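Colleague: The feature domain 'Alanyl-transfer RNA synthetases family profile' is assigned by TrEMBL to 1-708. If you look up TrEMBL, you'll see 563, 567, 665, 669 marked as Zn(2+) binding site. Look at TrEMBL and you will find 723-757 tagged as coiled coil.
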Ligand code: ATP
Ligand code: MG
């Protein structure tokens, strides 16, 4: 069975069991402050488990793109070293939301594995939660045990502890006991020697967990306590790559048809073969794994960057580059060349890959290029640092600096040190690392108290498209605190007119007011687990009184103008530049808007003007907003709306149309484009290979922009006292200026000419030498010019010129070349000597040298001393 069929068979099976098949959620999570990447299939259903929202379908199945490189589930360091952990992998899952429970979950899993996939039941082991005696005091999962007992001999049902058999997504949230299914892939001889049961959950590469059935029945609260959920749910996750290994009769995920094309391509690029040398094999596994994580992240709209999720992606790619650099000995970009191979293998199941192949390739190539440069630099720095090292141990803090400032990986440092016969002070490195970690941790640490629920079972309604004010009921609140924001309260009330941050648009601000005029300000609004959460510095004094929630109308109006303008900008870019332009991110604030899009080159002045003009024409047409709040996705797409990659859409979507611009959008907008007032681009720049960024302003900000410019102009005009046309005035000023410059230059030339004549008359003959030591009113370059001109006319010249400039003293000494040789004179040595009189120093060539000093009072003495060099 090839991997495509294996995936399809899973989905077909659960469709047959009345499950709704849904698409994978994006791997990069945009609007959840608690999670950067999807790390399990259940993430996108968190709100259903918590009971915030009811799923339209009680049963769902899918394949979910997961990434386990940060937070509670982080497998990064294992990847490549073992053969069954990946950074990015597909998790096949089936879910019940308050519908079926353990019995069905267990028997269907068994049926699928043994009857559809035809895995030999003798090779399977299952685990059951044994209970815990710690503070949770959980009982053994007897129910699951009993169901398994009806299916599989008891000696293959194993008891497991909390670590393996109690699944939690993070420190807080839905969780519960689980039952895993393991498969023993060893040969008959190996099995005869060692019993498979003793190898379950022992990190044996051929006795591995393939499927985990989680029975979600608790919510882990902030104080660590478990609270039973009102309903019980099933959440299962099966590792697709591991399943393929089991079904394709191979012993490593990398030997399946999922990875083989990538590995073969790497063999072609490098001329090396997989399976001969463990170090090479690890590198090949690392690269063929990481290309998937990076490509899928970029396809989801997450570019490598220096912060947050972008930085995690950058580090994954850098890990791959470094393995290639060190173990495959490739010092030029090559990983990007795997992109077409990956698209070929996975593009059908994940069209976001094929549609963005070019972009993915460009971004990876550019990243490789710049990191390879960093590596080279790092190598140099390392060399230098070793030269300064006394003894044979490199300072751990130095190594940390290389790691932290230059992105130079520590294991590479260690490797190079080893090759050169040095060792690393690991403790020093660890200390520096820990210090930095605790610094950044305490900066980002969030503590959340539990929700205090005032009203149970009421769901929240958003009325912010139509109203900016509503009388509301407080449902629940809690205290949270972060280093950055300090203590804040989160409030959930209904209905709410507050727009939560999302789709690039910032959250609303405003206030809550009690009937007696007590006010609590709302500083931000965000969505969390499908609830709209309002952030306030203080609670309203009386929580029982009816409250009025009021959105800051000014901020909302300016934000809406920017959001609508963003849509028009998108439309304009596709018109002016072409339909290859795709939105790659946007930030809609009240003061400005930012729009990132794919395009291969810098935009020209004309293109920018055309874009501005296009948008402003749409504004002038005063197009009305045409909003459709709930339209089936398919229909919206048919009407011409574009879905963005990496965005999660429901079956019904909202569309926003202004004339011919139509977008899927949940944001707030102006009623007519005329309300945008005016659109002005303030910058255009590159943010990554093939990605450009435009920043622009509208409404009040555009008005301010023009008013400020107008004010500047008025001031300029008033400086010209009555001159009507400022441009003409500036032009004539420039002309006048140029004329004056010319005059000054010719005057200076004249002055220099007469000075030259004056000086030649002052030459004094000292032992056959034309000698002159004199103060002049020139700057350094004027003195030099003068000296060289005189030098061109006389060939036995000894000249010392001195000047005072800006409180400092300058000396120039010129000696004709024949004298330099014949009389053994050296201008450089002479100015150094004379420099003492002016408290300074200098130098130069034997025939011309200069000195500078901070004591102009010494000039006279220096001039007097000059004669001594020739009269001795
Ligand atoms: P393991 O102990 O092997 O790391 P896990 O307990 O972390 O697995 P779960 O969190 O229960 O795994 O995830 C469900 C399934 O997803 C696992 O049974 C396994 O098949 C698969 N899986 C988990 N982590 C990875 C990974 N890093 N790469 C590939 N598959 C994975
Ligand atoms: Mg794990």
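Counting starts with 1 at the first residue shown.
Any Cβ shown, glycine's included, is placed from N, Cα and C.
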Colleague: Averaging the per-residue pLDDT over the domain 'Alanyl-transfer RNA synthetases family profile' (1-708), what integer do you get?
Modeller: 93
Colleague: Across all chains shown, how many C-beta atoms besides its own are within 10 angstroms of the C-beta of residue 563 (Zn(2+) binding site)?
Modeller: 27
Colleague: Output, ordered by sequence, the same-chain residues six or more apart from residue 665 (Zn(2+) binding site) with a CB under 8 Å from its CB, or 'none'.
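Modeller: Result: 503, 563, 567, 654, 655, 656.
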Colleague: Around the Cβ of residue 669 (Zn(2+) binding site), how many other Cβ atoms lie within 10 Å? Please give the count over every shown protein chain.
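Modeller: Around residue 669 (Zn(2+) binding site), other Cβ atoms within 10 Å: 25.
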Colleague: Using all protein chains in view, find how many other C-beta atoms are within 10 Å of the C-beta of residue 567 (Zn(2+) binding site).
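Modeller: I count 24 other Cβ atoms within 10 Å of it.
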Colleague: Cβ within 8 Å of the Zn(2+) site's Cβ centroid: which residues qualify beyond 563, 567, 665, 669?
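Modeller: Nearby residues not in the site list: 560, 564, 566, 588, 656, 663, 667, 668.
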